[in-house]
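K.L.:
Dropping the structure in here first, questions after.
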Amino acid sequence: MASNIFSRIKSPSGGSQSFYQQLRSGEDPEYDPGLDEENLGHRFDDFQAEGMDIGDSSMTVESVAPGSKGKGKATFRPTAHARSSGITSPRWQQDDDGDNEVPASLLMEPKDLDPPASPPNKRATNPGSSRTPASVGPSSARTRAQWEAATAQQQLHQDHPYTTPMGPQPIPVARGTMSNNPREKALWRWVNTSNLDSFMRDVYDYFEGGGLWCILCANALWLFQCIDYSRVPDSRSLHEVIVPQCTRKMSGLWNFAIWLYTFFFIWKCVQYFVEIRRLTYIRDFYIYLLDIPEQDMQTISWQDVVARIMALREENPKTATNISPRLRQFMGSQSKERLDALDIANRLMRKENYLIAMINKDILDLSLPVPFLRGRQMFSKTMEWYLQYCILDMAFNELGQVQQDFLRPDRRRLLSQKLRQRFLFAGFLNLLFAPVVLAYVVIVYFFTYYYEYQKDPKQAAARKYTSLAEWKFRQFNELPHIFYERLHMSYPFATRYIDQFPKRITEAVARTIAFMSGAITAILAIGSVLDSELFLNFEITKDRPVIFYLGVFAAIWATTRGMVSEETLVFNPEYALRNVIEYTRYVPDHWKNKLHSSEVKQEFSELYKMKVVIFLEEMMGIVTTPMLLLFSLPRCSDQIVDFFREFTIHVDGLGYVCSFAVFDFQKGPGNTGPQGPRPDVREDYYSTKHGKMAASYYGFLDNYAANPKTGIPGHLPPGPKPSFHPPPSFPGIGSPTLAADMQGSHIGRTGTETGRARSRAPGGRGPRIGVMPQPSPMASMLLDQHHQPPGGNMVARSLHASRYPRGYRGESQIIEETEASSIRRNGEDDELYEPGGALGESVWETSPARGVTRENSAANTEDPEAGVLGLIYQLQQTQRPRRGGGMV
């Protein structure tokens, strides 16, 4: 909608289409990278077989009887239409021209025999159906006879488009039956869904809203939350509080604001009633197709919803094979066969993934060209709205697909110019509506936090993450409810980390002021208790009684006491920050070995600010946003266009998505750690920063592969008792392999070696006793077969299910691997039989119910120079009995 308005404003004079009309049309016959143009140009529908007559064919077959002397040949003869239009034969025909000898035994009809009498053809009664072959020559009558004989034996198409075909046909659902069966209506809407992105967005919004009645109640209460009823208790009738003709006494600005709010209120009311029908359709989809009643909407997990959608997909497979090219193009992005957990997440976050990647790779210049503000990123909710309008609304069409012009290198200059114009137009638009937006932000903030601050004044100093921090912390394909669950769990640890740093000077001053204000407050309070009537009316200063100063000094005492740290607080900022990293999963590279420093604390404080400061920055953002749109963002328009072209791929059945959002579960996240060779500039450009790709990969597996029934990352369900593994058979005393087996087992270890191996974790923690429970049997149900990760990736360790206890977070909890772990390559048995390892290992664990087995441990210890002894050792490892289990 915004692009249409902008296109009308910038439309050229004359009858030619504007740039945005050409962009929205999206039909370019010369460029269609994701489809096979040669095959899509042909329609092989059985209801259009009339166009496949022998006369319209470009190939004729000359048959010879098996007993004849001639040799059967299949010759290519261009038709008159082909010769006149200058159409050459395709490549596959030119390659086969030399090999056109057909054995006589494979020919269809004898050459000399007359064809049998064919039954009367019903198509002959239709004057438009009969066609005269375009080929001329002596073979025309013979080929026509052969064609009639072949069609008489086996019809290739329906005789008449309006006649009833013979044989059993599917029975259509009667109109009365469908109108009385809500499940059939819901199934019909599901089958005829034309925009899967929009439909899945409605399904997710319905799930996140908690059902039909919760959404309607929230919308109805929103319409009346700005009404003030403070004057109602003081009056007895309505006319006492109404000022007659009050608008005449107001200024023009107030009248404009009242009328604007009135139209906005009416528009929201209309939208509220229109939305009921759409919500009813989604409600029927949940109740009748997914078997989820309304009362379970507030308790069911999203993973269970995805499993039911996949089951519904399996119950209604695709049956049509002969489809038109336009429908084939449509199904290239709207196929219901691509509806597992990863595909649904890609559809819901198709646009958000691009914004996450652009912020991660610093494509957007969010700093002002001002000397004292250079280098400081200005990002607010207002800025987020304009980024959605300027970039995403231009890059995507109505179906949620990336415009193909963004994928063409020859359109780079024009797109960059138009994007720069959109930034400038949005900047002037923001300057025009800045007063309205400022009033809206102030009113919403006041009505939202007034009661909270009045009830608890300490909430004024409460902190929360900024909008920029949320986009930095968010991972690819991470849905909003999963992201905010993870983020909200980090708030206590983030507050504890901020309070960790020593502020001795501030605390000393705060203690002194708290002691003085507390003493004065105590004296005034005791005096008011002894003689309340006389003391409370006593004025210490002019018109300022005792109760006034009692409130002032009590507020000062409460504020200063809040600035003093608790006496039981243990000072360990590095440990506190690791607890934060466990949930935010955000660790820049320059934070390594500096988690205790004040520099890291200052950078984290820019992401975790007080709510009052965030509100002031939001109001200041109304002024800084147009400056960014006018001066900073137009300079990076070329990089934005290049980003969409270079980081967009086409997935069959899904459409165009961000390349970072397509997880290759067969290969894993790749070599993202620094243990390998240093990547070159090209690899650095095509990879994410701060381990975002690896964090998103393992985070997705942690949410959808561990236990989809609960929806809690890293949760272990109560499973059955572990299966019994018999002990291995030991060799005899005289066996030459006994010494080697004893040396590689726990029995042959000395106490020093065992103690050293067990004391790698702090506190000398020994190996875990017992076999851990097996993962849920639904662990592989939310991913299709082509998305199933191999067994080695399923045991990757995650932050939510760390192998260390919560009391310790070692250096390895930085998301990426920080060093090559030589201990991991030694193959000790305690590392094979328990989920443990060295400090340098990554701690992502997506399947906490599994340990590292001999199979997947040996898979990561490849040595290209092993030699003969290494091969013998690998053979011995494969012949040993394996413990642990894997998912199929």
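Yeah, the Cβs are placed from backbone N, Cα and C, and that goes for glycine too.
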K.L.:
Per Swiss-Prot, does Pro480 fall on the same side of the membrane as Met693?
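P.N.:
According to Swiss-Prot, which assigns topological domains, Pro480 and Met693 fall on the same side of the membrane.
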K.L.:
Which stretch does Swiss-Prot mark as region 'Disordered', out of 702-734, 801-833, 834-866?
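P.N.:
The range carrying the region 'Disordered' annotation in Swiss-Prot is 834-866.
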K.L.:
Please give the sequence-distant neighbours of the topological domain 'Cytoplasmic' (633-642): residues at least 6 beyond its ends with Cβ less than 8 Å from one of its Cβ atoms.
P.N.:
358, 363-365, 390-391, 406, 412, 415-417, 419-420, 423-424
K.L.:
Counting each residue once, how many in the topological domain 'Lumenal' (566-611) are helix, strand and coil under DSSP?
P.N.:
26 helix, 3 strand, 17 coil
K.L.:
Helix, strand, coil: count each for the residues of the topological domain 'Cytoplasmic' (444-511), based on DSSP.
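P.N.:
Secondary-structure composition of the topological domain 'Cytoplasmic' (444-511): 49 helix, 3 strand, 16 coil.
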